[in-house]
Every structure is written in structure tokens, then in C-alpha cells.
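Annotation comment: TrEMBL describes 6-23, 352-370, 382-410, 416-442, 480-500, 512-535, 555-577, 584-606 as transmembrane segment. Sequence annotations record features per position, and here TrEMBL assigns domain 'Peptidase M28' to 118-311. According to TrEMBL, the domain 'Endoplasmic reticulum metallopeptidase 1/1-A TM' annotation covers 380-599. Per TrEMBL, the feature domain 'Endoplasmic reticulum metallopeptidase 1-like C-terminal' maps to 613-817.
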Amino acid sequence: LPEARVAALVLLYLLGLRVLVQLSHRRLLRQPAPGAPPHFSAPRARGYLDNITAIGPRTVGSPENEVLAVNYLLEQIRAIERESTEAHKISVDIQRPTGSFHLNFVGGFTSYYANITNVVVKLEPRNGAENAVLSNCHFDSVPNSPGASDDAVSCAVMLEILNTLSKSSEPLQHAVIFLFNGAEENILQASHGFITQHEWAKSIRAFINLEAAGVGGKELVFQTGPENPWLVEAYVTAAKHPFASVVAQEVFQSGIIPADTDFRIYRDFGSVPGIDLAFIENGYIYHTEYDTSDRILTDSIQRAGDNILSVLKYLATSDKLSKSFEYRHGNVVFFDVLGLFVVAYPARVGTIVNYIAAAVAFLYLSKKVLQPKTRAIHNLKKLFIAFGFTLLSWISTLAVLIVAVFISVIGRSLSWYTHFYVSVFLYGTAAAAMLILVHMLAKKFFYKNMNEQYLGDTFFDASLMIWSIALAVITQMGFFSAFICTLWVAFPLLAKLMIHKEFSQEGATMKFVMMYMLGMFVPYLYTMYLSWTVFEMFTPVMGRSGSEIQPDLVLAGLIVIVTVILSSYFINFIYLVKSTKTTLITLTTVFVVTLILVCSGIFFPYSSDAANPRPKRVFLQHTSRRFHDLDGNVVKSDSGIWINGFDYTGMSHITPHVPEINDTIRIPCEEQAPFCGLPWILPVHLMFRLMVILPPSVDISMKIRNLVSAGPSHMSVYIRPHEGSALSTWSLGDGMPIATVGGDYFVFYSRGLQAAPWHFWVELMAPEKHSDGIVSFAIATHYLFGEDQQSPQLSALLERFPNWTFSFGWSSTYDLFVF
């Protein structure tokens, strides 16, 4: 076969698949035609969204969150209630719970909340209902962000769904509870307060949680259950524009993505099954000032509204909701096909199908090896040699990770953050070149003068063997994502059987190549579709994953995986073409040129483009610290501005703009103090390198400490028992203290308005002799809003940051005591 034509055909094939995937994603956003009443109105929902975000950032404890947002929601709910039909009854409750719980997230910590706010609405039949389905959103936002996507748009969608359902003359069979929770960004506190304390929580049999990991786009179902396959069935049946994947569920629940949702709270503390949805597009501006309502397309709101309204209505009229206990067992394999429909089947059926596919493939391979029987040993040997070369070529692609480490070491990390295809040209071409090089050398030196058709056939069988083994192993491990392996076994085998006759008669012709690639259409298309989603989620996460994780290493690893998968059944082309030298030289040239450009710094990671920003995230705290000894004397005190960059590049790109921020100002960890003597608002200390500026003659301690008696809305408590001592019990959570990663204990506190003073106790087992005390106890206060949020020095420093940064600063204190 001519190399140029085959290489061009493969490239066009992959580009064509990419275009199909891109078109399918755009199709998902097309506004649907109006349906029969009740009809979800996206323009009206947009009005709700605009009004909520116009309030500004809604930090827990702030008047914007506790008063203005709550009043707006109540005003709209009362207006909806006045226009509702006689078929429904609407009840409204304002809940302000206080409680505490342990959460195994970001190292693990205990959370305490006081007088936070929930707005709860129950829509039920006029005669009432015993069972209910819950719809959950949160109206609070992170500080300094309008929180349009996370999560005001979901609350706007819920208001419009409430409006739509309440105007319907058709009564519901079950109640629908709409929870507008006011403290999710404080790590899931409001949902805990509702599900463990509210009287309506006992009636809930299922829930839908509306979240965001990006700004707009399509909402992805990325978690369901646990078990309760009838919920997936409900989504599959009712959703008008499905977008769901069990692969996303297994990735998210693995903890790879540093995030969590209220789904965990309802599952773990309420034992309620549910569906978790999130917007995933444009995660670059998630939790930033750019998360504004104008960036969310009306089409996206319509899509989400249609889906959630349909599923909620289906559940609220389903007999299975009241009998959910009977349908609770079992798991489901589910995935959408280009957003057109969802394929879903019981996991046990998937297991059977997977094993059957693997067995058929092994039978096919066995038959090939045994024909003729006299050459069985020879054929088996050739198959295993090809198997070995294929594995070796895949392993060789890991050399790309060395390039990623080199890029990180020289300070050019994230060069692809604004220009994604730089990563493809840098890591994708290198991985493909390494793979081709191994097979080119094998063909030249090991398979010299061997029949090309025989080699192409053998390497197809080797790839089929690898996928069959992977299918059996992954299925045995219990991963539902094994269906992907089934696609890579069943369709290539079917394609090979269908064109085998032509291949054996005419050999490798261009007609054969085109028929072969057509037979591979399904697994290649689905893999490209899935890869698109994976990169859309993971690439922005690399900009907020901390300064200790090398993002280039992660992205290069993902690209290597995708390259290996896509190469699976194209390896045999290397043996069918006359030469791959031109292809190898082309790939190498692209890699070398891209590497030179990246090393030169031409690809700047960040962008301040108003239409498509890619900001660098920087958090600053103007903090005042005091360290006390056993007698209560202050042995050390200082103040300064503590700076953390949220990605691997640290402050290297900031230094040219603010020269005093550089590596020379890092201070070591205070080893004797919990959490290095720094006011961490959450226990994410292992994700960041420490950096502090100590400006002269700057002390905010007197101003701030006058307010400590009441305590700000956000505080953190750190406890470290000394050697020989042990924290045995406390008044928080279930009474059993659980240490965070590293051995210290972390308590996160937040409150709404007019909360009572925080009282709690701890009990320690201590040795008889403890001259240096038995425990170190530290408290940090955080002023995230209001007039005390920023000192003049902090404000002046923030103004000097370049416009491609999202920099957020607040004032804090840290006090350490020894008892």
C-alpha cells in the first residue's frame, strides 16, 4: 500500500470523526421546538438568573446571601404560588439549621455550621402526598464571583420548573420538594442541615442534584444511585436531550477530580438515591469573576430545563417512587450516543455480554492459531511475538512523560492551557512517532522479507488479543466502563470477518482499507466522543489543581492513553504499507518544532480575552499571626500577605509584574504549629507550595481582633495532640474525632446571620508528665466580605496584578495556644 495515501486516509478519518463529535456537541445546544404544555420557558428562567446574579457574590454569612438572595427567592415563589392552579398545593419553609459532620474530602475534616439558610418549597397534590422527589440547587456562591453557572442558573431553572408544574391542571401523584440551599460552597453544609433535620426530608425517595463544573454548555449526568437502576431508567425514558455516562461516574467517584457535590450528603447521611448533573463546558472560568449570566446561552438553559422538568415530572407520577425500596438493588451500565439517545442495560447483563464478546474473540484467535494444526506452535509463537511488539510500542509512548517533566522543569508548564492543540502537537505526535518507530524497526530487522498480508493479519489479531484480555480483566474488576472494551472487541472482529474474504483474495488494497475503516467506525467514533468530554472536563481542572501536581504530566498521560487506544487497529497498516519513513519524519518534525516553540515561551498559558478568558487563579490573605506558649505569653507575632497560586507555575509569571513576589520570599513551615502555622480555610495544604510576603510596618491585628469576640462567618480550628496524648472524643459530628491527612485535626466553621456563639469541647487522654503541654490548639478567622475583607496594603497589591489573573484576597488571623 502507498504510505502517503494510507496516512492521508487515516488522518482524514480521524478528522472526520472529530467533526462529527463537534457537530453532535453543537446539536445538543440547539433550542428545541416548543412542546405541549406545560412548557419550560428559558427566557423567563434567564430573567431569574439575571436577577440573582445582579445581587453580586453571595458568600455564606453575607447580607447578599442571607437576606437579599433569600428575599428575592421568596418573592418569586410567592408570585408563582398566587398563579398556581387548584390541582396543587404549595408550601414554603425557611430553615436555619445548626449542626456538624465529618467529611472525607480534601484530606478529611469536620464541618460545623450555625444558622445557615435553606429555602424549601413543596409542590404537592391538593390532598397531600406521602412520598416526594427532591430537586436541589444552591444560591450561595464563592466569594468574588457572581456564581451564574455555579449555581444560580440551576436555581433559575428550578424556579421556572416550579412555575411550569404549578400552572399545570394535571395533578401530580407525589410531591416535588425544591431545595434552594444557601451553603453548598461551604462544603455541602446546607444539604446536610436539610436532609438530617428538616421534617420533609423523611418523605424523600429520590433526588436530582443540579451542579456545575463549568460555565454553561450541556449538563452531564455523572453520578447516579447508589444502585437503584430505576432512576437511570427514569432519565433514559424522560430526558429529551440525554447526556450521560457511567464512565464519568466512575472517574468522578474515584476522587481524581478534586470536587464534590451535595449528592454525597444525600447518599451518605440521608440514604437517598439520586441523579447528579453538572454543566461542564468552559471550566476555565468556573469559580471566577467571569462566571456571569451573559456567558450562559439561553439554549443551554432551555436544554437543562427540558431535561430536568421531564425527569422530575416522570418521577413525580411514577409508581416506582413510592415503591423505590423494592427496586433499590442492581446497577446499570449507561452511556449516551452523540446525545441522540442513551443506551442502558443492567450491569449483570453487561457482564454476560462482556464475557461472551471476550470468549468469541478467544475462539476466533484459537481457530486462527490452529489452522493448520501442524503449524499451531509456530502460529502461536508468531501471535505472541506480535503481542509483545504491540505492548512494547504502547509502553514506548510513555517516553512522552519525560518530555512533560522536562517542560515542567524548565518552567513552560501549561503552555497548552489557552491553546489546547499545542498539547496534541507536542505530546500526541511524540506518542504516535514512538509507536510507529518501534514497529518500523521490528518490520525492518525482525520481520525482514516476510509477507505483508500475513504481518497485517497477525498484528490485527495481536490487538484483538490485548483488548480481549483487557475486557475480561476490567469486567472481573467490576468496572462498568468495560463496555468500551466490548466495543473495541466486537466491532473490529465483526469488521474483520466481513472483509476477510476480500483481503485473502485481493490483499491489502485501498478498497480494503476503506472497508476496514468503515467497520471500525463505531468504536473510533465513540472513543473520540468520550475523549472530547474527558478533555473538556480535565483541561480546565489543571488550572486549579494546586501547585504540587504537574499538569503537563497529567495531560500528557491522557493524550498517551487516547493515542494508544486510537492506534489499536491501525498498527497493522504499518506492516501493510511499503514504508512509514515519511510519516515518522513528519510527526517528528511537528513535535520538534512545537517543542522549540514551547521552550521559547511563545505560547503564554493565560489569556485576558474578554470573550474567552483563561485566567490564572491567585489567592492572597493579609494575615496576622500570634503564637502563645504554655503560660499564655506571646512568643512570636508577625503579619504579612500570604500568596498561593492555584496551578503548577506558582508565581513565576507574576514576578515580572510584581518583582517583590519571587522565590526568595518563601518562608519555611512552622513545624511546631498545626498546618504550618498558616490560616488554611480548608485542609488543602498538601496541594500547595508555601509563599509569604512580609511587608514592613503592616499590622492588621488590632483592627481584626476587636471583632473576634463575635467571630466572623468563616473560621478554622486546628488541633494537634502532643506526643503521648490522644484526642479521644469531642462534641462535634458523631463524637468520634477523625484526623486529616498528616495527623492534625481540622474543623471548618461557618455561620449565617445572628448565630449564637460557638461552644464546643474536646477530651484528650494525656500522659502523667506533660511539661510541654498536651495539645496545641489554633484558630484562624477569615473575613471574606464586607469592609474588613481587605486592608489598604492588600488592595494596593491586588491592583498591581496583571489582567490575565483572577486574584482574590481577604484578611485573616492565626492564633496558636498550648494547653
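Backbone N, Cα and C atoms are what each Cβ position is placed from, and that goes for glycine too.
Predicted, not measured: the structure shown is a model, and the values here were computed from it.
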Point to revise | For the transmembrane segment (382-410), distant same-chain residues with Cβ under 8 A (at least six beyond the ends) | key: 365, 368-369, 426-427, 430-431, 434-435, 437-439, 442, 446, 455, 458-459, 461-463, 465-466, 550, 552-553, 555-557, 559-560, 563-564, 567, 571, 595, 598-599, 648
Revision key, fill the gap. With the cut-off at Cβ under 8 Å and a gap of six or more residues from its ends, the chain residues touching the transmembrane segment (512-535) are 1, 6, 9-10, 13-14, 17-18, 20-22, 24-25, 220, 245, 247-248, 251, 280, 335, 337-338, 420, 484, 487-488, 491-492, 494-496, 498-499, 502-503, 506, 558, 562, 565-566, 569, 573
Exercise for review: Count the Cβ pairs between the transmembrane segment (6-23) and the transmembrane segment (584-606) that lie under 8 angstroms and are 6 or more residues apart in sequence, then report whether there are at least 3.
Suggested key: no
Review point. Near the transmembrane segment (352-370), which residues from the same chain, at least 6 beyond its ends, have a CB less than 8 A from one of its CBs?
Key: 345, 376, 379-380, 383, 461, 464-465, 467-469, 471-472, 475, 482-483, 485-486, 489-490, 493, 497
Review point. Counting only residues 6+ away from its ends, which parts of the chain sit with a Cβ under 8 Å from the transmembrane segment (480-500)?
Key: 246-247, 249-250, 331-333, 335, 347, 350, 353-354, 357-358, 360-361, 364, 460, 463-464, 467-468, 470-471, 474, 512, 515-516, 518-523, 526-527, 530, 565, 568-569
Practice item. Quickly jot the same-chain residues contacting the transmembrane segment (416-442) by Cβ under 8 Å, restricted to those at least six beyond its ends, or write none. Key: 284, 389, 392-394, 396-397, 399-400, 403-404, 407, 459, 535, 539, 542-543, 551, 555-556, 559-560, 562-564, 567, 571, 574-575, 580-581, 583-584, 587-588, 590-591, 594-595, 598, 603-607, 614
